[in-house]
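Visitor: Below are the features listed in Swiss-Prot for this protein:
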- 8-27: compositional bias 'Basic and acidic residues' (COMPBIAS)
- 81-92: compositional bias 'Low complexity' (COMPBIAS)
- 216-241: compositional bias 'Low complexity' (COMPBIAS)
- 264-325: compositional bias 'Basic and acidic residues' (COMPBIAS)
- 351-361: compositional bias 'Low complexity' (COMPBIAS)
- 368-384: compositional bias 'Basic and acidic residues' (COMPBIAS)
- 458-675: domain 'tr-type G' (DOMAIN)
- 467-474: region 'G1' (REGION)
- G467, H468, V469, D470, T471, G472, K473, T474: GTP binding site (BINDING)
- 531-534: region 'G3' (REGION)
Amino acid sequence: MGPKQRVRKDNYWDSGEADKDREEAEKLHKKGQQQSDSDSDSDDIPISKKKPTSKFAPVDESSSESEESSSEEEVQKKPSKPAAKQSKKVAPTNNKKKPVVESSSSEEEESESESEESSEEDTKKKPSKPAAKQSKKVAPTNNNNNKKKPVVESSSEESESESEESSSEEDTKKKPSKPAAKQNKKAPAKKAAAVESSSESEEESSSSEEEEKPTKPTQNNNNKKNNAKKPPAAKPSAAKQQAKKPAPKKPEEPEVLSGFLLKQRQEEERIAREKEEKRIREEEEKKRAAEQKIIDDEKARLKSIENSKKRAEKKEKQAGAAAEADRMAKLAKLGVNISAVGEKKEKSTNKTKSGGKKQNQVSSITESVEKLKIEEPTSAPKDDVVEVMDSWDNDDYETVEEIQKKKEEEAKRKEEEEEAQRLAAKEEKKKAKAAAAAAAAALIPTTDPTTTFADKSYRSPIICILGHVDTGKTSLLDKIRNTNVQGGEARGITQQIGASFIPVDAIKEQTKSFAEKIKMDFKLPGLLLIDTPGHESFNNLRSRGSGLCDLAILVIDIMHGLQAQTLESINLLRMRKTPFIVALNKVDRIYDWKPCVNTDFKEAYKIQSKSAAQEFDYKVKDIIAALAGQELNAELYWRNKDHRKYVSLVPTSANTGEGISDLMLVVIQLMQKLMLDKVEFTNQLQCTLLEVKVIEGFGTTIDVVLVNGTLNEGDKIVVSGFNGPIETSIRSLLTPPPLRESRVKSQFINHKSIRAAMGIKIVAPGLEKAVPGTSLHVVGPNDDIEKIRAEAKREVDSVLNDVETSGIGVSVQASTLGSLEAFLNFLKKIKIPVANVAIGPVHKKHIMNASIMLDKDPKYAILLAFDVKIEESAIQAANEMKVQVLSDETIYLFEEKLKKHFGAIKEKLRAETASICVWPCILEVTNVFRNSNPILVGVRVKEGTLRIGTPICVPESNCADVGKVIGIKLNEKDVTLAKKDDVVSVAIDDNNTKTTIYRHFDDKKQWMSKITRESLDALKEGWSEDLTKQDIQLLKFMKTVYKIQ
């Protein structure tokens, strides 16, 4: 509860009593001044002040002045300690009022706390003479008219501010001296005023306690007057002291406030205590964790030491055994006879005499080896092992039983190793005699000045060129072939059968300026570029499970980006896992591009305008983003730091020759850095058949690519045929003349022997039935011809047997074995069944095989001819038998043709079966509007779909026919069908039925669509793709209702 407010009376100030009180206050003020002057003059006379009779307390201005002077003296001198506190005077109240305590309880508490603090400081400071503190006087109330009067407070705001300023000045210089006692303010003898003052003092006391360094309250009257000069004031009489004693009163409100502060402090202490305990617990946990970690680390260290010890011992023994076995194996290969492990060899006494003839290289090597002393493999003594184990026992980590067990295991392992070593030595001794002659012959170097290191060690890599139609593949090949042709000379570039061979000398001349900058070292003899169509040269040809091409060049038109066949080529490259680079062709088509004929691209890029360079950068970024969409990382070749993870982009122009040298150099670099071991030359034959052609003057020939090995004239070969393996002998090995004469068919160069890699035309009898895309085998003198024939047959059968034929499907014809395999994968992807497959041109018999589908499934009576020739007899047979033949040279175009073909067949079939097929539905009759001619009813579709033309019957009424639906209305609108849960009005034609509603059937039973076996078959053939799972389930249920088999 707040303090009670004093009721203000306006008539007091208008009356004459206010003037009288003002005059009396002025008189008292003058008396106070005179008295203060007299006090200052008389030092030994005590101050005696009369009690004012007026009901107003005088305003003592001298107190503030004396207070200011005393504060100034306190700054200079040590503060003197105050004496005992005088009691406060209580003013008598009216007859009906009880006496009011002048000082508030908060002021008493403050004065008591101040007195306690001052007593503590007395022990530190020297005490001075105390000065008596005057108490404030209480003005008596007016008894004349028995009314409450307003009171003028004795202390002014000016004195308080002055005292605060003096105290702040004192704090800056020295420690503040605490006053002995605080004088109480004079208050009127009114209950409301007393309560108000007490509440104010409570707020002041609470605010002062919350501060970190509480400031002491200001003094209202003269606390100290010239402490050094003025003697202490005289004590008042006993009567006055008795009168000044305050009436006892229990301060209830301050005690409640003190209890609240106490609880708040206790709560803060509890929180702080809990935080401290939590911190201590966390530190203990961290300490325990650290100790546990130290223990675990020590255990791990001991264990690692033990393991490292074991590994070191094991490695040392294995290394010793391996070194000994290797040394003995080398000696055995050199022809040294080793009797047994551990036996000493006798030193050879054979020495060359000075001046004698030198022995051959083999005998000298054998003699030098025999002079060597073969050391016996000695094992470590057991005493050393025991000593090592004893040293580990000092760690107190292993028990005696464990050490003993390890010793036994070690001894057992040594015995096993020694036994294995003896067996290996015996085996090496057996092989030594057989290998001695060959090893000795191998040590004799054979030098041939006509062969180079590159020709001897490596073959030419086979490069395939892929890309979309009209991206410049053929132009790029022509530019590569004709780059160094000057003055009508080919400069070593020869045109091979189905391939273009670029020798290393031509590549060096073409990339001369570029290769010198990077100090290129050419190790390959050249490049073999396959110029057959991409899908033939790459996807189809198989050579012992790997693709024909070592590296592919994917040509992309920089103006158009990735196109349909480009994506197909990327998929083929991924399927074969063949590395490739990208040639960004037609850079000369960029706007404002300045052509630089036969220049490396980086030099041509430097002279371009800013707009042309920016457009080139934009095009490159678009292609990189498109390749990223195909999950390929790509970058321009001079910025590519990792060729294994990023595809190199080489800008080129087949028209001006820009970037051609860059392309050749990037191919060489990629092959030499990453795939040099793949193009290493071996004597094992690897040859793939490309095409079967009839050449005038030679008959039937085959074009092959010799990947590895050597072919000789007269070799016996085996190739795969349509009717089985073909055995024949090579009559001629032909290559075309230089490039300028390549178009003359009658001129070929005949070779006795050709080494890989090369494109060759082989002339041999009986090659008419050879299968392109298969391997060519050479039969050696010690080879099993039956095994080779089985392998050739298995190569064709593996593809033909992989065809998943269900007896119903299309017929497929392809040019090569590989193209057939690729085409079958494509048809499987688009879910087209295959019934028959064949390789080679389309004949009449193939049309007859396809016509079988006319009886089984007419929509599959088609033949797909992929890149093959169609004979005239086959075309006539197809027209007569109504078999459609679809032919094309690219795979992706077949998808559009097949969609168009099956779409036309489907529309035709639907038109034929529309009047027969019946869709399943179950109806619930809600209203009958008309009984006949026609029947008009309201129905709800419970299951299926209701369509116009659907026959309706009632199965529960002996399958009574209702009629055929001729109209459906939904929300007053005509519709062609009603779906499940639709409520519609239906018009049913009953003219052709012999039943009547409510006589043969009623509306209380379910009505259904009437299905038959013919309607089910027609629905499956023409509308199977439109049937839902719910429709199929409903048809199964209705088959049981109508008992259809």
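Cβ atoms here come from the backbone N, Cα and C positions, even for glycine.
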Visitor: May I have the list of same-chain residues other than G467, H468, V469, D470, T471, G472, K473, T474 whose Cβ is within 8 Å of the Cβ centroid of the recorded GTP site, in sequence order?
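Guide: Nearby residues not in the site list: V555, D557, N585.
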Visitor: What does the DSSP secondary structure composition of the compositional bias 'Basic and acidic residues' (264-325) look like, as residue counts for helix, strand and coil?
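Guide: Helix/strand/coil tally for the compositional bias 'Basic and acidic residues' (264-325): 62 helix, 0 strand, 0 coil.
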Visitor: Just how many other Cβ atoms lie inside 10 Å of the Cβ on H468 (GTP binding site)?
Guide: 23
Visitor: On the 0 to 100 scale, where does the mean pLDDT of the region 'G1' (467-474) fall?
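Guide: So the average pLDDT across the region 'G1' (467-474) works out to 80.
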Visitor: What's the number of neighbouring CB atoms sitting within 10 A of the CB on G467 (GTP binding site)?
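Guide: Within a 10 Å radius of the Cβ of G467 (GTP binding site) lie 23 other Cβ atoms.
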Visitor: At 10 angstroms around each C-beta, which of the binding-site residues T471, T474 has the fewest other C-beta atoms nearby?
Guide: T474
Visitor: Within 10 Å of each Cβ, count the other Cβ atoms and name the one among the binding-site residues D470, K473 with the highest count.
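Guide: In terms of Cβ crowding, the pick is K473.
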Visitor: Give the helix, strand or coil assignment DSSP yields for G467 (GTP binding site).
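Guide: Assignment for G467 (GTP binding site) reads strand.
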Visitor: Any same-chain residues 6+ apart from G472 (GTP binding site) with CB under 8 Å of its CB? Would you list them in sequence order, or say none?
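Guide: The answer is V555, D557, N585, K586, A654.
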Visitor: Helix, strand or coil by DSSP: which one applies to K473 (GTP binding site)?
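Guide: SS state of K473 (GTP binding site) = helix.
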